[in-house]
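Quick look at what Swiss-Prot annotates:
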BINDING   217-225, 358-363, D444, R463, K561  ATP binding site
REGION    288-358  region 'SBD1'
REGION    359-421  region 'SBD2'
Amino acid sequence: MIFTAPAYAPALPSPLPLQQTIGDFCLAKRRERQGASDSLFIEAAIDRKWTIDDIEARLGRMAAALSSAWNITPGQKWHKTVAILASNCVDTLILSWAVHRIGGGCLMLQPTSSADEMAAHMDRVPPFAMFLSQDLLTLGQEAFQKSSLSSNVPFYSFSGAEAPKPQQTAVPVASQDAPNISTLDDLMATGKELPLLEKTSFSEGEASRRVAYYCTTSGTSGFQRVVAITHENIIASILQAGLFIEATKGPASEVTLAFLPFNHIYGLLITHTFTWRGDSTVVHSGFNMMEILISIGKHRINTLYLVPPIINALSRNASILDRFDMSSVRYIVNGGGPLPKEAFLKMKAARPDWQIIPGWGQTEGCGIGSLSSPKDIFPGSSGVLLPGVRIRLRDDDGRIVQGLEEMGEIEIESPSGLFGYVDYADEALLSPPKEEEFWWPTGDVGLFRISPNGEQHLFIVDRIRDMIKVKGNQVAPGQIEDHLTKHAAVAETAVIGIADEVAGERALAFIVRESSHAREMSEADLRKIIQEHNDLELPEVCRLQDRIIFVDELPKSASGKILKRELRKQVATWSPPQK
């Protein structure tokens, strides 16, 4: 059985508009929608407003400066990549669009990755140049030193929206291979008098092959992978999300927040979609709860795009929200991971006037595969499929699931879907032929269920790699996690499987205690209470017994996903607590 978008979802244009680069595509639509004087971006830290004229002028000069500095002949098909390691700022977007205009692609490095991980990414996608925000210069230099890149790679720094603090100044690397660092402003100054380049016009099929971004997966269950994302992938995803939002919420533009990292596909995609929609976007360098809450009232933010850990934090600290002006907020959209029903209900209880809109997506699917309509919210689900997305489910025996309420691995087919992984020792770049159907196995386990409104909703059960096999039974960690968070003493939890001589595997829970309920209780007493809460109410295969570890925090990726691979490392030498 193949699942598709609901009847009310609009169709994608056919053929897709693939003549322009991503930035030019978004800016052209923006200019159609609103006047040039409207604020396209607002950088929160310095309260700087950017109009579309400002953006296009800087984009044109930056592309000309890059072309001149790197001796690129106008019209030449330049097929190189630059690496960008930066906190959120408008220049990060403009820089990537300028690189696209001269024919290049961008390797988006995540600051939460280790220097070793970034070095491995750069070895797989060797950059022609590196651009680093001031606060990440030292980390970028360390990653460079650990890579096999030659010392002639040019380095450029830029300050972003916030002036660099003294301690953010680059620390010289003690090596003869240490790079010389220029600034983006110096580069721009050289291009002030240069003639502007013509905008890129893709030939037929070129946008399907031309890589715009290399983004890394979160690596929640294993190592990070580098995904090649084309201009077609991004443009298709913008249209899928943007047209669905217009059909379900209306075409009116909004004021939105961009604090999710631009180097992660979720933050990158929604910011492009905001631009295409005509929204005004308030850019924050990262997530700081107090600064975000102030910004919501100051800029009258309408919709918050969040990840489950932030939603959990807001629901646990609902009293803090009352100290700020939240009257403009109408919607919160969840992405970056499934939002369990219990977390949904906690947030709804904290702010009953907010519509909570769950969604689902992956880096390999270029961001968003499903989303909810405000008129069809189904707690615990990840929404309905977006236009052009098709999903089938494959069960443990390799058969395609033929009905509702049956679990299977999600396989997806979409114009926004995977172009390829970059070469690994055991896996070559995968580039499926576009003229054939290509179903990508996502590694997520899901099922479909009918909502009260009669629509097919996708429910994410768990990651295949995270499923726990107890006495031959497949146990979803999410089932245990959802139940544990119902207990007042549990703030956050993550469940993994560990080896067991009798059952094969058993569940083990990492738990962050809720400070208002549990700090005064001993770990032994609290462990007993939580164990009884879980083991007396869930099936035997879900029992924890004494396999509970209390931690101050859970390791997370830049997008807020819990890194279970790090938790598995911690239990390599674990033994049950003494009784």
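Glycine is treated like the rest: Cβ placed from N, Cα and C.
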Fewest other C-beta atoms within 10 angstroms, as judged across P358, G361, which are the binding-site residues: G361
Residues near T217 (ATP binding site) in space but at least six apart in sequence (CB under 8 A): Q224, R225, V226, V227, Q362, T363, E364
Neighbour-count leader, CB within 10 A, binding-site residues: F223, D444: D444
Secondary structure at P358 (ATP binding site), reduced by DSSP to three states: strand
